[in-house]
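Each remark here refers to the structure printed beneath this line.
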Number of protein chains: 2
Amino acid sequence: MATSEQKKFIQQIDANKAGLIDRLAKAVSIPSVSGDAAYRKHCFEMADWLLAELKALGATAELKPLGKQVLDGQEIELPPVILGYLGKDPKKKTILVYGHFDVQPALKSDGWDTEPFKLEYDEKSGRMYGRGSTDDKGPILGWLNAIEAHQQVGLEMPVNLKFCFEGMEESGSVGLDELIVAEKDSFFEGVDAVCISDNYWLGTKKPCLTHGLRGIAYFKLAISGPARDLHSGVFGGVVHEPMTDLFTIMSKLVTAKGEILIPGIKELVAPLTEEESKRYDVMDFSLSDIEGATGSKTTVSDDKATVLMGRMRYPCLSLHGIEGAFSEPGTKTVIPAKVVGKFSLRLVPDMTPDKVNELVTKYVKEEFGKIRSKNTMSITSEHGGKPWLADPNHWNYEAAIKATETIYGVKPDLTREGGSIPVTLTFADTLQKNVLLLPMGRSDDGAHSINEKLDISNYIEGTKLLGLYLHEIAAIK
Amino acid sequence: MATSEQKKFIQQIDANKAGLIDRLAKAVSIPSVSGDAAYRKHCFEMADWLLAELKALGATAELKPLGKQVLDGQEIELPPVILGYLGKDPKKKTILVYGHFDVQPALKSDGWDTEPFKLEYDEKSGRMYGRGSTDDKGPILGWLNAIEAHQQVGLEMPVNLKFCFEGMEESGSVGLDELIVAEKDSFFEGVDAVCISDNYWLGTKKPCLTHGLRGIAYFKLAISGPARDLHSGVFGGVVHEPMTDLFTIMSKLVTAKGEILIPGIKELVAPLTEEESKRYDVMDFSLSDIEGATGSKTTVSDDKATVLMGRMRYPCLSLHGIEGAFSEPGTKTVIPAKVVGKFSLRLVPDMTPDKVNELVTKYVKEEFGKIRSKNTMSITSEHGGKPWLADPNHWNYEAAIKATETIYGVKPDLTREGGSIPVTLTFADTLQKNVLLLPMGRSDDGAHSINEKLDISNYIEGTKLLGLYLHEIAAIK
């Protein structure tokens with residue numbers, strides 16, 4: 001139930017709908033692709049524009065340079081991070097909001113129906129198409145829209161805000177972790193909780209809050225034999241073939257049903273509690289959502305909760321590919337000399353990359369020993385990230401739940417996601433504060449695909465949600 | 001023991017050594033690379049030069065056009081085949097000799113120590129370096145050298161010769177099979193036996209005759225699930241992954257020791273006879289030859305005969321690669337949507353591609369059925385070639401054995417090779433005549449590598465061998 005102040009804010013958002021869409025159109029028109037050196041200038045353009053918008057709203061903000069990187073063979077400046085704040089009232093809570101203003105690459109010729117860097121509003125479907133509309137310019141502007149609406153109707157902001165907006169999220173967030181650690185006791189001092197709006201509803205109908213992410217442990221399994229690739233006619237049947245060894249070992253990591261065969265992995269997984277178990281039953285989700293997203297009917301189970309838990313709360317092991325083998329079309333008859341299999345596990349509490357690394361390495365070495373090959377094997381752990389799990393009973397979540405109920409009239413799903421958003425873990429670990437993932441868009445927005453979209457209703461109601469969430473924080477006793 | 005006629009011929013070859021090297025230098029200087037459209041004109045230049053050389057020796061010969069092909073995006077003329085003959089005496093046997101005048105690509109920048117299309121003679125090692133020196137310009141010119149020497153010393157040719165020299169061997173012999181079949185009862189009419197000089201000694205010290213080649217059956221195993229590649233964070237643990245299915249199935253084809261696991265394959269292999277068994281013991285071969293060639297100590301066995309039989313007389317199964325999986329360096333976390341595993345079996349008597357195809361297809365379908373995956377599997381047979389085995393007790397071999405004993409003072413090894421030379425089978429099947437593979441070069445010539453070479457002694461003694469082989473044919477009662 002909205003208070004009268006909240007109602008004034010909500011009404012103002014509705015009244016200014018056209019202005020908010022204009023703001024998003026301006027943001028989308030700047031092609032701030034971080035992964036292509038030719039577009040780097042637009043990342044700076046985007047940072048300048050966003051900084052100006054923040055300052056126009058009264059925020060104190062600055063561009064933090066992150067140094068240089070080598071991209072496409074050139075040494076170029078990294079896009080800056082925008083650090084800013086609005087309000088320093090010691091009686092109010094301070095909420096750190098994170099977003100990113102860079103986007104994935106997009107060309108009309110990739111198959112887009114519209115120009116990717118021109119926001120196209122389709123009245124019939126209520127959707128706005130454009131690169132960055134949902135990932136992550138819409139959500140960033142949601143915060144700005146909410147502040148603006150407060151000012152337009154003469155409302156005081158209920159909390160102090162800090163902003164951390166980066167321009168390299170789509171390209172590995174180079175330099176961000178170091179900045180957060182370096183600014184821990186300066187810029188980030190005094191933060192009470194963190195809110196990140198950079199993910200999506202589980203489905204397309206019901207909002208959600210996300211309180212967990214899986215971690216990752218990535219491995220390269222290298223097997224080498226001959227000094228050079230060999231002709232299978234001449235050497236087939238003569239030498240131990242690295243590919244045969246690799247298939248033998250990698251086939252022993254996981255079954256076709258997805259069961260991980262590495263001893264000790266299962267035992268690391270935190271047991272399912274009754275409270276958690278109940279959440280999966282009420283989630284806005286059906287197998288057809290997966291079928292729609294994957295374009296196939298290949299779920300590991302026909303049971304909704306099993307599939308959800310497969311994504312959210314259990315580890316998995318995927319085989320990604322092989323470096324060094326024949327990968328082109330056609331029919332080459334090669335015995336590859338050195339092949340590197342790539343696989344990764346997604347981690348959940350209480351797995352850690354270190355413990356998983358230890359178990360995987362031991363098992364792979366044992367299995368390689370069993371086949372008595374004369375080839376040479378090495379297994380290396382490439383990159384690892386811990387799983388993240390926040391307490392959804394924290395006031396940060398309580399506020400978001402209440403705000404969602406007011407805006408959408410429904411209790412949000414409490415979800416965990418299967419992938420990782422590394423900055424989440426960095427904030428949680430470095431600041432030691434509760435982090436909330438509060439998505440604006442829907443599961444079918446196509447964040448990294450062609451025809452990325454944001455529903456107008458998600459943009460407008462999502463903006464209201466971000467504003468009300470701040471009110472609900474202030475209302476927490 | 002050479003006859004006086006043979007001695008005159010042999011002395012003439014020695015006397016004209018410099019001239020023979022000059023002829024090879026001229027041939028190597030024409031970069032007749034068949035696999036690169038930009039070099040196609042040099043294949044024609046090479047054909048013209050060779051035709052002129054044959055005509056200068058009194059042969060009747062012509063260029064047979066093979067039509068067009070599309071290469072590097074252009075439609076271009078195929079190099080012609082040279083068909084020719086020398087002598088039509090009905091009292092003499094008629095021997096068909098085959099060779100190819102095209103070569104593998106070569107650039108100095110590939111790592112050659114010398115210019116690849118300039119024959120470089122290294123006095124110290126006795127080696128001539130240059131692309132095509134051993135594969136296959138040296139052997140082709142061996143025939144021409146032998147004819148020339150007969151004429152120079154006033155000797156009659158002991159047999160009628162027919163020539164079939166092609167210019168597309170390194171690029172799939174496009175059009176050749178059709179030509180052989182079409183000319184079966186015209187140009188190829190009256191051929192009594194075939195000699196192909198386009199392979200190598202088993203080792204580096206002892207000559208060999210080759211009477212068998214393995215065939216091949218190549219397979220593509222496709223597994224598809226989702227309509228597009230998926231993010232392993234979001235869908236790992238949710239869907240049946242095509243890569244996992246593929247590794248499960250492909251790991252059941254062959255053990256790390258090289259044992260083929262497909263039921264029924266072993267039973268197709270012709271049993272080892274005592275006569276054959278003895279041949280492996282005397283062959284000029286040691287494990288260090290394999291170690292030298294592969295740059296590794298990874299032979300499947302430490303027993304010489306076992307390794308030789310692994311190459312020559314038993315089938316093998318090699319896994320070549322995967323199309324559709326992640327194959328670059330780095331650490332992509334993809335679930336590939338459709339992956340195509342490539343593998344092939346090398347076939348020996350009495351295996352046939354059809355029978356192998358039937359067994360492989362049945363087994364793969366059964367194994368895929370066992371894993372109960374919701375993904376879709378298809379197995380297709382790509383190209384197949386029967387194994388070839390000639391009777392080494394035929395007069396064609398008898399003559400070559402005697403000639404070898406005269407030139408090299410040693411009984412040649414009777415070898416089989418692991419790879420395939422498709423034209424061998426075409427001649428054998430189409431003409432129904434005995435085919436002999438009579439190599440000139442050594443195993444370390446590096447036919448398709450950088451620094452391809454032919455030892456001077458192999459060129460000179462090999463030329464003598466080709467001439468004497470024809471004499472021994474004529475001497476057969």
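These residue numbers are counts, starting from 1, taken along the chain as shown.
A Cβ is built for glycine as well, from the same backbone N, Cα and C atoms used for every other residue.
Counted within 10 Å of its Cβ, the other Cβ atoms near B:D102 (active site) come to 28, all protein chains included. Residues or ranges marked as active site in TrEMBL: B:D102.
All protein chains shown were included, and the count of other CB atoms within 10 Å of the CB of B:E169 (active site, proton acceptor) stands at 25. B:E169 (active site, proton acceptor) falls within a helix when secondary structure is assigned with DSSP. The active site, proton acceptor annotation in TrEMBL covers B:E169.
Summarising the annotation, TrEMBL assigns Mn(2+) 2 binding site to B:H100, B:D135, B:D198. Listed in sequence order, the residues of the same chain lying 6 or more apart from B:D135 (Mn(2+) 2 binding site) and placing their CB within less than 8 Å of its CB are B:V103, B:Q104, B:D198, B:G441, B:D445, B:A447, B:H448, B:E452.
Annotation comment: TrEMBL describes B:D135, B:E170, B:H448 as Mn(2+) 1 binding site.
DSSP assigns B:D198 (Mn(2+) 2 binding site) to coil in the three-state reduction, outside any helix or strand. Counted within 10 Å of its Cβ, the other Cβ atoms near B:D198 (Mn(2+) 2 binding site) come to 23, all protein chains included. TrEMBL lists B:D198, B:H231, B:T333, B:R346, B:S420, B:H448 with the feature substrate binding site.
The domain 'Peptidase M20 dimerisation' feature in TrEMBL is assigned to B:212-369.
Under the heading site 'Important for catalytic activity', TrEMBL lists B:H231. Every protein chain shown contributes to the tally, and the Cβ of B:H231 (substrate binding site) ends up with 14 other Cβ atoms within 10 Å.
A mean pLDDT of 95 is what the model gives for the domain 'Peptidase M20 dimerisation' (B:212-369). In sequence order, B:D136, B:I140, B:F165, B:E166, B:G167, B:M168, B:E169, B:E170, B:D198 are the residues near B:H100 (Mn(2+) 2 binding site), counting only same-chain partners six or more apart with C-beta under 8 A. Chain A comes close to B:T333, taken from the recorded positions B:H100, B:D102, B:D135, B:E169, B:D198, B:T333 by a C-beta to C-beta distance under 8 angstroms. Shown are the binding-site residues B:R346, B:H448; of these, the residue with the fewest other Cβ atoms within 10 Å is B:H448.
Considering only the binding-site residues B:H231, B:T333, B:R346, B:S420, the residue whose Cα is spatially closest to the Cα of B:D102 (active site) is B:S420. Same-chain residues with CB within 8 A of the center of the B:H100, B:D135, B:D198 CB atoms, the Mn(2+) 2 site residues themselves not counted, are B:G99, B:D136, B:P139, B:I140, B:E169, B:E170, B:A447. The Cβ neighbour count for B:S420 (substrate binding site), using a 10 Å radius over every protein chain in view, is 20.
Neighbour count (other Cβ atoms within 10 Å of the Cβ, all protein chains): 22 for B:T333 (substrate binding site).
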